[in-house]
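Asks: Sharing a structure below in structure tokens format, with a few things to ask.
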């Protein structure tokens with residue numbers, strides 16, 4: 001039986017430049033948007049539509065896309081804040097993460113998935129370990145995800161090889177699975193955690209598998225200086241020499257860039273995942289987002305993990321992307337509201353190789369969408385809904401979420417995940433880790 | 001009959017350094033906190049407490065305090081964003097504000113009051129015009145407020161005098177009203193909108209009335225340069241010479257300060273209302289908050305108006321105060337979470353001359369408190385609730401609000417305001433203004 005339903009009387013913020021706002025109807029058939037139009041739905045649509053959804057009082061927009069994170073680290077939320085990076089990593093994060101079992105990753109990712117659905121994210125990138133357990137959560141939750149085993153190469157050659165084989169094995173098992181909702185990337189963790197020859201091996205594997213590459217890059221000034229010291233060049237040129245940018249690639253953070261590096265990223269078509277909250281919290285600095293956008297680089301948004309954020313509400317990243325660069329550059333026209341919303345939707349899709357699949361409300365694309373209820377003081381007056389979504393809304397305003405045409409959230413009730421059990425198990429996992 | 005009630009089984013984030021977190025009970029008698037303790041409430045409290053409130057699954061903390069805003073401007077939310085300051089003011093804000101009637105101020109302030117209660121603010125400072133209509137909203141809503149008629153002196157002497165008399169009249173009528181919930185300050189709008197002799201007259205009036213002073217100061221680099229050009233000194237020295245700091249005073253923004261100005265503000269005991277979202281959105285810059293705090297200046301938080309924010313969620317200001325200064329200074333220990341929460345509570349009270357009245361959960365103080373429901377993924381695991389409140393929560397997590405021991409919000413239902421009517425009337429007011 002076909003999955004068919006129809007939203008009537010809705011306001012659709014499409015992110016499609018041809019018709020940015022549509023007051024009308026949207027029809028879904030199976031996993032895709034089948035139609036979208038103004039006014040009343042045509043009779044043939046109404047007849048086909050098995051389920052009718054009343055869209056009054058709601059804004060509909062593409063589901064948000066989180067292009068960098070480590071979901072399982074939600075287990076470490078609030079464990080250690082306001083510390084210097086090395087202290088935070090060496091004395092708090094790494095000792096706990098070293099104890100993570102597959103079950104910890106499963107429950108940590110589950111609590112993250114619940115939080116992401118509740119705040120309107122429909123697609124997320126996840127770089128971590130025990131990725132088969134992450135994939136399990138994606139299967140169960142109904143979310144769309146780009147998953148990647150982040151490999152750290154500071155280890156003996158046999159361990160390097162084992163890790164790479166693990167990443168390749170994961171890719172072969174899971175790319176295209178969960179009804180196509182899972183895609184896989186290959187990830188050297190960072191230029192400062194992987195020797196050059198190991199990065200080249202990972203790049204070669206990615207090319208052989210036909211998969212994009214993802215890595216952390218130029219997050220801190222210290223790591224850039226170290227790269228220059230170790231390899232004589234800054235990270236962008238270093239990774240370029242190693243072939244990382246010779247195919248589709250996405251780098252997270254990219255805080256410390258020269259003009260020449262921005263030009264090279266644009267030339268190579270490298271996408272950037274901007275993580276403003278995490279960059280501020282860890283005192284990494286402020287990425288040069290207006291310059292990146294001006295150069296034509298695709299800039300999307302990531303939360304990074306809840307250990308350095310400390311939530312997964314992408315509305316907050318969208319807002320901060322719009323606010324921060326104005327204040328820091330002194331230009332109030334920097335990153336205007338529509339551009340910030342594109343960063344959280346259509347540019348997110350582009351960053352993940354999902355352009356033409358999700359990130360826009362358009363017939364033929366995947367039915368990945370969310371609704372936001374507007375009967376709240378902070379949506380008054382009804383001036384400019386894009387402005388309100390960017391500058392006034394939060395993830396808590398999200399009422400409904402669909403991915404692949406399937407509803408995951410209905411009036412803030414999770415339909416695919418058992419929120420109470422997940423909270424209980426995640427707390428238990430944390431208590432055990434800390435014991 | 002006495003108003004008596006008792007919260008049991010609650011977790012109280014008191015902001016009292018003597019006992020920062022109390023797992024136990026809190027008793028209220030009339031408008032004040034009568035008792036607070038760990039474990040089970042003593043039998044005598046239970047017998048006295050007419051109403052029992054089950055605190056399980058909730059955090060209780062002092063109501064948040066918003067120390068700078070223009071509530072009625074909520075009517076202009078989303079009207080004009082991402083513009084240069086002069087364009088925004090001259091072509092969008094001022095033409096609309098010139099049309100504001102008392103009724104517009106009433107409905108604009110009402111929608112702001114509803115939003116503030118729904119996001120956990122219990123006390124707000126408001127600087128605007130038609131202040132009798134703002135006071136009406138304070139009376140009806142049950143909020144606590146510090147109200148001040150902001151006077152602009154760029155007008156003929158008779159108009160200056162009329163405005164000052166209006167401000168004095170308002171102070172005489174309303175200071176101490178609404179059961180003591182309303183206090184009044186005197187406000188020259190800013191050094192660049194009031195000639196020096198006019199500021200001196202306002203200062204003299206404040207001293208005569210025994211009221212504190214509030215003003216905008218050093219929000220933009222341009223206004224500081226203009227001050228130097230016009231008066232030969234920067235704004236802090238200018239206002240100090242005019243006597244503004246010779247008694248209790250609170251300045252909003254204070255973005256552009258020299259070391260000497262910070263030292264002088266500390267010496268004079270001038271409080272600062274830091275408005276991080278507004279300062280970013282209008283591209284004013286980033287205030288030197290860590291240095292101000294280090295110098296011993298009381299720094300609290302304000303939203304400014306919804307026209308430059310665009311919401312009134314003080315949790316967002318608290319979070320940004322904690323995040324922004326880390327990223328900009330490169331010091332991840334800057335403004336740690338407990339300090340950011342103090343800025344939104346106890347330092348807010350101190351800024352408004354309400355220290356020892358509100359801002360802390362302590363027997364003898366006003367029963368101004370809020371609850372936050374923690375059965376949500378972003379509060380898991382239960383590591384550090386102050387961290388979660390600062391880095392993970394939002395105003396939408398607020399369940400209950402009390403001011404003066406009276407409940408204004410119960411499980412997110414407004415008890416003193418008719419939210420639906422206010423939304424309708426605010427929209428109608430906006431439509432009329434734009435017509």
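Including glycine, each Cβ sits where the backbone N, Cα and C put it.
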Asks: Check TrEMBL: it lists B:68, B:70, B:304 as binding Zn(2+). Then name which of B:175, B:216 it lists for that same site.
Replies: B:216
Asks: If TrEMBL says B:97, B:149, B:189, B:304 bind substrate, which of B:208, B:219, B:339 does it name for the same site?
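Replies: Checking B:208, B:219, B:339 against TrEMBL: the substrate site match is B:219.
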Asks: Restricting to the record's substrate-binding residues (B:97, B:149, B:189, B:219, B:304), give me the longest CA-CA distance in Å as a whole number.
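Replies: For the residues that bind substrate, the greatest Cα distance is 21 Å.
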Asks: For residue B:149 (substrate binding site), identify the closest of the binding-site residues B:68, B:70, B:216, B:304, judging by Cα separation.
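Replies: Closest by Cα: B:70.
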Asks: Could you round the CA separation between residue B:304 (Zn(2+) binding site) and residue B:97 (substrate binding site) to a whole angstrom and send it over?
Replies: 16
Asks: Please report the three-state DSSP label of residue B:216 (Zn(2+) binding site).
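Replies: It is in a strand.
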Asks: If you average per-residue pLDDT over the domain 'Amidohydrolase-related' (B:60-407), what number do you get?
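Replies: Reported value for the domain 'Amidohydrolase-related' (B:60-407) is a mean pLDDT of 97.
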Asks: Could you check what DSSP calls residue B:149 (substrate binding site) once collapsed to helix, strand or coil?
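Replies: Once the DSSP labels are grouped into three classes, residue B:149 (substrate binding site) ends up as strand.
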Asks: Measuring Cα to Cα, how many Å separate residue B:68 (Zn(2+) binding site) from residue B:219 (substrate binding site)?
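Replies: If we compare the Cα positions of residue B:68 (Zn(2+) binding site) and residue B:219 (substrate binding site), the gap is 13 Å.
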Asks: Compute the centroid of the Cβ atoms of B:68, B:70, B:216, B:304, then list the same-chain residues not in that set whose Cβ lies within 8 Å of it, in sequence order, for the Zn(2+) site.
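Replies: The surrounding set, listed in chain order, is B:69, B:127, B:252, B:253, B:273, B:275, B:278, B:302, B:305.
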Asks: Three-state secondary structure of residue B:70 (Zn(2+) binding site) from DSSP?
Replies: coil
